[in-house]
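Colleague: The topological domain 'Peroxisomal matrix' annotation in Swiss-Prot covers 1-17, 77-100, 176-202, and the record cites similarity to another entry as its basis. Sequence annotations record features per position, and here Swiss-Prot assigns transmembrane segment to 18-44, 51-76, 101-127, 141-175, 203-226 based on similarity to another entry. Annotation comment: Swiss-Prot describes 45-50, 128-140, 227-381 as topological domain 'Cytoplasmic', evidence class similarity to another entry. Residues or ranges marked as Zn(2+) 1 binding site in Swiss-Prot (evidence: similarity to another entry): CYS266, CYS269, CYS302, CYS305. What Swiss-Prot lists as zinc finger is 266-324. Among the features that Swiss-Prot reports, Zn(2+) 2 binding site is placed at CYS297, HIS299, CYS320, CYS323. Feature annotation from Swiss-Prot assigns region 'Disordered' to 355-381. Residues annotated as compositional bias 'Acidic residues' in Swiss-Prot: 360-374.
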Amino acid sequence: MSSVLRLFKIGAPVPNVRVHQLDASLLDAELVDLLKNQLFKGFTNFHPEFRDKYESELVLALKLILFKLTVWDHAITYGGKLQNLKFIDSRHSSKLQIQPSVIQKLGYGILVVGGGYLWSKIEGYLLARSEDDVATDGTSVRGASAARGALKVANFASLLYSAATLGNFVAFLYTGRYATVIMRLLRIRLVPSQRTSSRQVSYEFQNRQLVWNAFTEFLIFILPLLQLPKLKRRIERKLQSLNVTRVGNVEEASEGELAHLPQKTCAICFRDEEEQEGGGGASHYSTDVTNPYQADCGHVYCYVCLVTKLAQGDGDGWNCYRCAKQVQKMKPWVDVDEAAVVGAAEMHEKVDVIEHAEDNEQEEEEFDDDDEDSNFQLMKD
């Protein structure tokens, strides 16, 4: 093991807390993501196409600002400051804790901030050129083949960098000196800002997180059982009944809020269109009843509107907009007065009976006349 360490020039372990260094890098990444999301939200209603076109440049500018305010000015990142860490020049003794030189800071900014941006642009360019093979003169075809070759080299370089990152991470876990490959190349590392500070473990955040997780799980379990729309409808009906009781007027209680609409107008369509137009009123012509169906309260609505309201009621019914009564059932509306039909039928039956009686009386009178004529003739003979 010692021969392998000497081969890679890995020194002896130092008493640095590895977890703090890894947490510092994670905090820095989360800070960049948080600021990036806030920056992009600013372009939601103001030239969103600019954000989509220059997304990588905006992220680069954000990282440059953070680099200037942290590493360049104070030789530490925000995540490192939260973990009580700072950068030092490892070429000198760790007891001196000399800050990195200007060259080291500049190299850190170029490699960390600008390196990712340049590499993404190079890969995007090579990928776009490798697919450009539609020209007929052969120029673009040759350029595409060269781009594909360069893309393979870039992929191989990415593979080598990933392997180097893995090897450096294993070495970091052993020595605790250099958390990244770039820090190893520049010979800068993280050390505690105050050596006399003791590690204080606070469980306040963990306890708060556990409480919120338990509360969230409880809500996720209980909310589907509450049936909030159904509960809301019951409360609304209860409030309506209280208002009716407070008014104490039977005539007003028997009328709904849209009782003034004509019979041919669907009150549900009228209400929906009025809400869409912001309360400015709806046209009676555009809300006429289509495929009329009759509620059990007697008022007529569109079939689709009535079915939708009853389905939303989930078995609790729905309050009619015209009479404020609870609607539970519906049936097809027939534009025929059954009472009038029954009355007409009874009238026809009475007329038939009267006509039949008159015919019988007329026949009896004719029969009597015939009998009198026959008797008179017999007496004459």
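Backbone N, Cα and C define each Cβ position, glycine as well.
Help me understand the surroundings of these features in the structure.
Modeller: Averaged across the topological domain 'Cytoplasmic' (45-50), pLDDT in this predicted model comes to 78.
Of all Cβ atoms in the shown protein chains, 21 besides its own fall within 10 Å of the Cβ of CYS305 (Zn(2+) 1 binding site).
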Colleague: Would you list, in sequence order, the residues of this chain other than CYS266, CYS269, CYS302, CYS305 that have their CB within 8 A of the centroid of the site's CB atoms, where the site is the one recorded for Zn(2+) 1?
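Modeller: In sequence order, the nearby non-listed residues are ALA267, ILE268, PHE270, ASP272, THR287, VAL289, THR290, TYR301, VAL304, LEU306.
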Colleague: Out of CYS266, CYS297, which of the binding-site residues is least crowded by other Cβ atoms within 10 Å?
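Modeller: CYS297, out of the binding-site residues CYS266, CYS297, has the fewest neighbouring Cβ atoms within 10 Å.
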Colleague: Applying the under-8 angstroms CB criterion, which one of 18-44, 101-127, 203-226 scores highest with the transmembrane segment (51-76)?
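Modeller: The stretch I would name here is 101-127.
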Colleague: Among all chains shown, work out which of the binding-site residues CYS269, CYS302, CYS320, CYS323 has the most CB atoms within 10 A of its CB.
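Modeller: For the binding-site residues CYS269, CYS302, CYS320, CYS323, the Cβ with the most other Cβ atoms within 10 Å is CYS320.
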Colleague: To the nearest whole angstrom, state the Cα distance for the pair HIS299 (Zn(2+) 2 binding site) and CYS266 (Zn(2+) 1 binding site).
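Modeller: HIS299 (Zn(2+) 2 binding site) to CYS266 (Zn(2+) 1 binding site), Cα-Cα distance: 9 Å.
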